[in-house]
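A quick write-up on the structure given underneath.
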Amino acid sequence: MKKKYLLGLLLAGSPLLIQAQQPVKESKGFYQFLTDDPTQKPFYNDREGVFARNGMVASAHPEASRVGMEILKKGGNAVDAAVAVQFALAVVHPSAGNIGGGGFMVFRANDGQNYTLDFREKAPLKGGKDMYLDEQGNVIPGLSTLGHLASGVPGSVDGMATAHARFGKLSWKEVIQPSVDLAEKGVVQTAREARGLNAIREVVQKVNPGTTYFLKPDKSDWQEGDTLVQKDLAKVLTAIQKKGREGFYKGKVARILAKDMKKNTGIISRKDLKEYHSTWREAVVGNYKNYKVITMPPTSSGGVALMQLLRLVEPYPLKTWGWNTDSTVQVMVEAERRVYADRAKFLGDPDFVDVPVEKLISYEYLKERWKDFDFAHATDSKAVSGGAIAGYESLETTHFSIVDKDGNAVSITTTLNGGYGSKVIVKGGGFFMNNEMDDFSVKAGVPNMFGLIGNKANEIAPSKRMLSSMTPTIIEKDGKLLMVVGTPGGSTIITSVYQTILNVLEHGMTMQQAVNALKFHHQWLPDKTMFEAGAFTPNTIQKLQNKGYILEQQRGTIGRMDCILVLPDGTLEGGSDPRGDDTSVGY
Ligand code: DON
């Protein structure tokens, strides 16, 4: 971990200000955060934040953060850097970075105006409500997650072109160039990236028989330090560089994509591609105490859910109770239970269904939601609403946060859904396609790969966008930029963002500590609280279990945050998650 942190510092070039943060070892035992056990170590590890004055890029990969930083140093603004980072991630972090997927951008300009862009995938025109069901109306396993039929119409390229056309300062050519270079010259594999490619080898061959994409020339296993060259992807990126969105949605790339689909019983057509457009939407904006939260509206459920969660816990003294003490966990979990039940019922693509956003985040409604809460014992999820139990899978999405020297801030979360999406690699294009169709409710009440269930609001219809949990968020205090937050993690995105924000605002953590802090998650159904090892003390576990909470320690980790905090003197603190290759670079 230390090595990666140093790498972050090295990549920062010649920073004007990068200072090591003092580890917190004082007053209340080993760590300053109030817990029921002063010796509790609240962190995944002790990585330290990256500090700089002029600009910060926090992303899932050191090369992508470096690319963003170079764009900022060249005089590009946060949107220029974001476009460059999105395309760079498509090359260096193929499990989640993408041109074959989609995502959401929250942008706060330094004049305080905010904008959100929905570049989420859409169901193909030939898609429909029952497309993943057999004749008996049962879900056909795997059809919405693996192979050509699992993909929605990609939105990332249009999203980036749309954002850049409105806010970019540098030329389109300049912001795409770094990703072309990375694809052409090759990317040195981190241990994690190498492991990922080795792990999917078999399934990639199953879905794309005989393909040589993402294989080493001698077909041996990838090792850390190997170089991955992506010539076909470089050509696609060059087409995008030359022709903008048309380089992807029309012409050769569109042709090969549609051809690949047709040949393999996929249904994305050239018409789907031609007609895809991202959409500017009004942000979900609300106060939590004296902070202003600016977050993503539907088609993501993330912003509404985050606002609900924060406002539900607002009346409770979390700070006094302490970080992850039984009372704090209890009200946070009970809030999560109610919010995820609402998500399943009300949330969907606002172009197709009426989502009562204002009502859902209103204090009156939320007060009502607490009515059946009793501190003496856990609420039964079945009493909140009906549903089913499901399992989890290890998955990938990616988030990045950027602040430029003028204080413009971008928060983008983008995804292929599952790691490497549908595992389909477009022949002649060399890029992975998403399996985002699984984010629809493929059948009412049947859980998706995250165990999330949905209903009519999120059923499949042609050109409709599937509901997301991605929660790119920006927080203001006193009219000034305070924090840029986001993470991958499927259904755990919302709760990870929620905890990270509260860790800073209520528990006084630095940005990096809030990222490092161990996390937990409840999503109404299944009715259990998952937690990272060490997130709760034995005493807290006992107290929660006594009240009827079902707790399950995770084998893996929760969240892979990339966030930026603006300190009172204007210094930026980049907090990138030690759970991944994530790196903050500042100057
Ligand atoms: O949009 C969503 O909510 C999901 N497709 C996100 C997937 C994800 O975060 C997977 N990652 N870890």
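Positions of Cβ are set from backbone N, Cα and C atoms, glycine also.
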Further binder of L-glutamate named by TrEMBL next to R120, T415, L416, N417, D439, S468, S469, taken from the candidates G137, G451, G486, G490: G490
If you draw a 10 Å sphere around the Cβ of T415 (L-glutamate binding site), how many other Cβ atoms fall inside it, taking every protein chain shown into account? 32
According to DSSP, does D439 (L-glutamate binding site) fall in a helix, a strand, or coil? helix
Do me a favour and check the Cα-Cα span between S468 (L-glutamate binding site) and T397 (active site, nucleophile); whole Å is fine. 11
Which residues, in sequence order, are found in the same chain with Cβ within 8 Å of the centroid defined by the Cβ atoms of R120, T415, L416, N417, D439, S468, S469, G490 at the L-glutamate site, excluding those residues themselves? G102, T397, N434, E436, M466, M470
Round to the nearest Å and give the CA-to-CA distance linking N417 (L-glutamate binding site) with T397 (active site, nucleophile). 6
Whole-number Å distance between the CA of T415 (L-glutamate binding site) and the CA of T397 (active site, nucleophile)? 4
With an 8 Å cut-off on Cβ-Cβ distance and a minimum sequence separation of at least 6, pull the same-chain contacts of L416 (L-glutamate binding site), or say none. S95, A96, N98, G100, G101, E396, T397, S422, F432, M433, N434, N435, E436
Among all the protein chains here, how many other CB atoms are within 10 A of the CB of S469 (L-glutamate binding site)? 29
